[in-house]
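Sequence annotations record features per position, and here TrEMBL assigns domain 'NADH:quinone oxidoreductase/Mrp antiporter transmembrane' to 23-288. Annotation source TrEMBL lists transmembrane segment at 60-81, 93-115, 152-171, 178-196, 202-219, 240-261, 281-305, 326-347. Positions annotated as domain 'NADH dehydrogenase subunit 2 C-terminal' by TrEMBL: 290-342.
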Amino acid sequence: MNPYVLTILLSSLGLGTVLTFASSHWLLAWMGLEINTLAIIPLMARQYHPRAVEATTKYFLTQATAAAMILFASTTNAWLVGEWDIQQLTHPIAVTTAMLALALKVGLAPVHFWLPEVLQGLDLTTGLILSTWQKLAPFALMLQVAPTVNSSLIVTLGLLSTLVGGWGGLNQTQLRKILAYSSIAHLGWMVLIMQFAPSLTLLSLIMYIIMTSSAFMTLKTNNSLTINALAISWTKAPTLAALAILVLLSLGGLPPLSGFMPKWLILQELTKQGLPTSATLAAMTALLSLYFYLRLCYAMTLTIWPNTLAATTPWRLDFTHTTLPLSLVTILALGLLPLTPAVAALLNL
């Protein structure tokens, strides 16, 4: 892709998100979301491949539907209540419609069906943008809308997403689909706590972005798209293969890795709020996700793929990728758990 065009598209991505962050009026927020969608579509379709075109079309249709629902909800609220302000979305029909539209935007269950299919058709770099940056603007709106939404709806969306995210990834062999279901499960955890402790939602989102970035960059460096390809990745970069296992376990939320921090604080907060059943169900669904992360770890470490090449072992060759971003996010994805008391004090938990 032409570097000038790429610069314009990435700038537009940033502009759309910042516009949504900064807006207090529904129309401005909607414009930000639309700029965001239109900027990523050429990035998704830049591979001249039927799968990429199919993924782009599916993405465009779902995002257009969600944007239309947001516009409908805000117009309904303006008509019935007389307010265009985002935080004044008070009419029950408008609030519920807006929340479901934002759930469709980010890919929460039960409106998640587009996410694994779309992510499977993209290359890993665009998939990383879709899984991280594209979640920011809708989440900013969700956090503002959440106080007026029926709490049963939010808890149901959260628990259903953690369940579907764990269940859906069990029988997958494609790594991008596994990461898509992992994304749905993490989004469920964020939404679950959204009404009770918005600061914890933000913490979970930041940790999710760090861990997912590390996972995507590792797969890109190893050039692995399936579990079978992952099984031979240790011949390319043995150290990276060892770290990748820890990153996957961090995504699963195992102590003493960073991914345990948000899950621990969320379960603690849910129990404080008198929702031990929801906390127990969320913890049980986390075990489903953990199973498929362990499956990937097993494929990487405990299976030796037939390798009869007499050529130089790939890890002996010079490495040409830029690895600084990968190193930074991997360190953060593995070592932030000791900061938990400081984070809890900072968030007044």
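Placement of Cβ uses the backbone N, Cα and C atoms for every residue, glycine included.
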| note | Spatial neighbours of the transmembrane segment (152-171) not adjacent in sequence (6+ beyond its ends, CB under 8 Å) are 96, 99, 103, 108-110, 112, 116, 146, 177-178, 181-195, 275, 278, 281-282, 285-289, 291-292
| task | Sort out for me which stretch, of 60-81, 93-115, 202-219, 240-261, 281-305, has the most Cβ pairs below 8 angstroms to the transmembrane segment (326-347). | result | 240-261
| note | Counting only residues at least 6 beyond its ends, the same-chain positions whose CB falls under 8 A of a CB in the transmembrane segment (93-115) are 33, 58-59, 62-63, 65-67, 69-70, 72-74, 76-77, 80-81, 134-135, 138-139, 141-142, 145-146, 148-150, 153-154, 157, 160-161, 163-165, 180, 183-184, 187-188, 191
| Mean pLDDT, the domain 'NADH dehydrogenase subunit 2 C-terminal' (290-342)? | 78
| query | Per the 3+ Cβ pairs under 8 Å rule, pairs at least 6 apart in sequence, do the transmembrane segment (202-219) and the transmembrane segment (60-81) touch? | reply | no
| remark: Tertiary contacts of the transmembrane segment (60-81), defined by C-beta under 8 angstroms and 6+ residue spacing from its ends, are 26-27, 29-30, 33-34, 37, 41, 88-91, 93-95, 97-98, 100-102, 104-105, 114, 118, 141
